Amino acid sequence: MTDGDANSHSRMVVIPWPFIKRKVECAGAAFLRYYNIKCHGEDTQSLTSTSKENIKEVIFEDDVEYLRSLDPKEWKRQDHYAVLGMKNLRYKATEDDIKRAYRQKVLKHHPDKRKAQGEEVRSDDDYFTCITKAYETLGTPNKRKSYDSIDPMFDDSIPTLAEIKKEGFFKAFAKYFEMNARWSEKRNAPLLGDDNSSREYVERFYAFWYEFESWREFSYLDEEEKEKGADREERRWIEKQNKAARAKLKKEEMARIRSLVDLAYANDPRIQRFKQEDKDKKLAAKRARQDAVQAKKAEEERLMKEALLAKQKAEEAEKARLEAARAEREQMKKNLRKERKSLRDLCKSNNYYSQNDNENIAHLAAVEKICEMMKVVELQEFMKELETNGREAFLKVMKETEEKLEAERKALFETKKVEDQKAKKNAILKAPIDWTPELTQLLIKAVNLFPAGTNQRWEVVSNFLNQHGTFVDERRFNAKEVLNKAKDLQSSDFSKSSLKKAANEEAFDQFEKDKKKAINNVDDSSISKSDTKLVNGTAKPKMNGDVGKEVGKEERPWTKTEQELLEQAIKTFPVSTPERWDKIADCIPNRTKKDCMKRYKELVELVKAKKQAANIG
């Protein structure tokens, strides 16, 4: 199996025909053991077997003099592993080792055992308390982790330059990385390796240690215990102080690890060798690039020279062509001037083919127009006709020239007219559409029909307005204009809304209709048959004031505009608004506070009735 097989965890097995190819996944204990040795440089199976063999060989020390020298009050400063007789085993001790060590200490140093042997034991100041505290600390996983983090036997130093020079790089740093690997959050931390380690292994090693995550924490060094606080505030203060101290120690620990890795990276002969190899590769690549650049530059220079020569030839040919064209134009101009002079001389010698002075002036101006309009060939043909037909040919050409000029003037005028109309139409189409009361009411209706959450809501609302609204030209609403108008209606002062103006006009029209209806109920003698009442047994006609009172007493129905004004006013002035119904009544013309409150109650009853009917259904 090759390195590539180990990295990909699979390989392609080729079996001779007629069998087919299959992709085999590497698995099993043997492969895992091989992969672990390849990646981490150690055999977990051999380590496990060694640890199992060591279980039987563990011997717990029993230093009575050390135990008697302990102060139970200072139990936190004692070496718990030394108290239980595991001074050399320390963090490698298993839970079973700790339990067995504690049992041995209890069997030998329990106060009752010692009293039975005639030893004087003081219950308040006996070293057995230190044994109990050691077991409580090491027998609890969290407390043991906290104590192991500040193990007094752990060496927090890093190798010096003198030590590196004396022992050599690999021997000096290997033990430090092995010691600090115990703090790694990730299992199987990679070891330093040797001088023959591959580049991939070395890069993985430093990548791991530069991103090293330590589980080491320093809660064991807390100066005060949180439980000793008298109240909650004091306990919080103690916890805050402890967290700050732990964070500081954690920061120092990570700086120490980083210093160790930096020092190793700076003195690693493999890294220096890799850098030199990279440098050589870069130099070789640079030389190759330089050679390629020089070759490319030479080729570019050759092509540039060829292109320059071709360009010069093309410029010379173009210059010759332009010169020939210029000479041709000059010759044409010269010929044109010559023919014009000939025409003028011919017309002048024939008195411009006129019969009086007025014609003379008109024909003179016509000659100049003809000269401007005609080309050389046309001028030559025109002079031949003049020599043959004389005045008739001149008048004919003069008339045709005038017609051509007039046609050109008309075409120019029409073109300018079309452009002006197009510009005017564009300006009209760009101008915003005026929001009439009908369009505003239609917008309110559309907003209610398509509530928030509708897919592409404002495009739908604008299409609704364009479909159902009345427009005087081709302008139509877009989503942005509709959205801006909706925001404006929501944030504007409702008492100044255009809907209120529309309602005022509608109310006045309704008043005029009621007034006409009241007048139509009166006959020619100004006394209505139905509008008489008995006074002292005789019929008395109703006066205009009486008619007005009875008309006023009739309950006038709410129009659609008034209903919309009421609904928006209720939304504008919430329940918390002082004098709410007075302000609502001010927004609705010809409606009193009492009318608004009565209408609101009717609407509430109607909604309740609909809900009740829906529940029953």
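For all residues, glycine too, the Cβ spot is worked out from N, Cα and C.
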Among 139-190, 295-346, TrEMBL marks as coiled coil the stretch 295-346
Same-chain residues at least 6 beyond the ends of the coiled coil (391-418) whose Cβ lies under 8 Å from its Cβ atoms
347, 352-353, 363, 366, 369-370, 373, 382, 385
The average per-residue pLDDT within the coiled coil (295-346) comes out at 91
Within the domain 'SANT' (553-608), count helix residues (DSSP H, G, I), strand residues (E, B) and coil residues, in that order.
37 helix, 0 strand, 19 coil
